[in-house]
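Colleague: Have a look at this one before I ask anything.
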């Protein structure tokens, strides 16, 4: 039996250290975009260990540390008998450390390193059960798709360094404040490419649902605390470098608007609890991006933290359900209300937060997102008013769909006839209770805008009523089928792009074989010709050799005489 | 006597000897060619020795060395030819590799 407490203790030590570091920073009267006056830009591309923790960073750090600790505790029961538990538990710690590096660092290259380490950790953890082909495929897809986005971040870092003469984030902020935002469009679109890959937004959205064969605690970790959150965070953190750029903000608004609605619709038609929750994450991340597009990065981060709490709760609860039922198919569930009581109550809070029902934290942060988009429609932000209106409408429609799928998942999982008896290990339920309490406690002191609250609650209740009316029935066929097939959006990534890559590889191979190889092959032919000429001299007759020597000596003497 | 005459004779001997070595197929005649070339060199050594009138007579001394060397060489060479004849029944140098 593997001893598991040392890993939990290690995680706890890291989490406590992060808490000691981050909690005092929460009080700062600063926000993203605040430019300190005493910043000294470093002019050289260095791997400086400088950190800059602002209140929003501190919130994300506390979220990451807290969720990781709970996931580690939970994993002692969920993964304790796994024969690769050691590497699993240590990779979780590495994941957390990489996330903290991304969040806290003031150096763009350290940020890139942390970003890439997270990519590798997610690859290894999603592929933890690599004996299953779909685990391997999901892990590889996650790695390849996010790596494609990472290209954007790397180029963006170089452009930032060339523009502002520094690789310090604070230094670049100072530069942008002094000289205005230069090359904002280029930097913004490159960073957008990176975060679209990392946070699974359209058109790079498909890796996140396909990462579901990984262990469920890892899914909770990736969806709530680390990987996808890093995309939102980094975009917000670098916002002072392109926040005034209309093109970037419009692109972000379009991406987030399309993603939030599509992903929510995909979640509505899933027959698999875990995959539905994965699409729900994609949709909720789009909310955060929508808030950033509306110029309210702090609102986006607030929703990030709140989503981290309730999505970790939902995935960990989903893990308990899968542990009990043995599958993540919704058809095998139902009636778990009485057999898994703790999971039922905590997940009810989680689903309520997802749907945006008062008094959960999801309600408040989602309302602030809607409110910030509404403010943006007044035309005082870089986002064009028309785009903001469209985004607002899409966001409200998504509130409806979100409430509907949250209700549908909740009904299909917990209501219905009681099933046979199941067990909930205490080390799995305690993290759930902690997160459920957090989902309620975090909402204390959140501001409330009554108009938005009333409207969003009405829309959400309509969504719940819709789900109650449909029960477990599918949507009408012409709507259900394309949505269940996820509109074939996966097709370009899994078919066309590999096919294109293979085509390019064939061309390159032909060019190599037919073009470049001419030179070495020509050299070989030439050497063969020369050697066949020389070979004629090698007759094996000593007298011929002696003749050659004699003639040669004669010629040498003759030349010597003539030259003199 | 001018130096030219012995040198011309020496060159002629060397050329005939070289021809014998390169062109003849009979192993004995090849050895005869070698002897001719050696003696052409001897003639030159003696001629230059007389021409320079050196007190130590290095040329004449070297000639004696070459004569001794040539005697040893022809003894060895003829022994090889004998062995070759016994082995192959021929003293044709082109067929020596058929043994």
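Cβ coordinates come from backbone N, Cα and C, glycine included.
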Colleague: Of the residue ranges A:27-49, A:142-164, which one carries the transmembrane segment annotation in TrEMBL?
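Modeller: Matching range for transmembrane segment: A:142-164.
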Colleague: Checking feature assignment: transmembrane segment per TrEMBL, candidates A:188-209, A:386-407, A:474-495. Which range matches?
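Modeller: Based on what TrEMBL states, transmembrane segment spans A:386-407.
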Colleague: The transmembrane segment (A:386-407): which same-chain residues, six or more beyond its ends, come within Cβ distance under 8 Å?
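Modeller: For the transmembrane segment (A:386-407), the far contacts come to 250, 253-254, 256-257, 260-261, 264-265, 267-268, 276, 280, 283, 286-287, 290, 293-294, 351-352, 354-357, 366, 369-370, 373-374, 376-377, 379, 455-456, 459-464, 466-468, 470.
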Colleague: Tell me the residue counts in helix, strand and coil for the domain 'NADH-Ubiquinone oxidoreductase (complex I) chain 5 N-terminal' (A:57-88), as DSSP assigns them.
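Modeller: Across the domain 'NADH-Ubiquinone oxidoreductase (complex I) chain 5 N-terminal' (A:57-88), the residues distribute as 26 helix, 0 strand, 6 coil.
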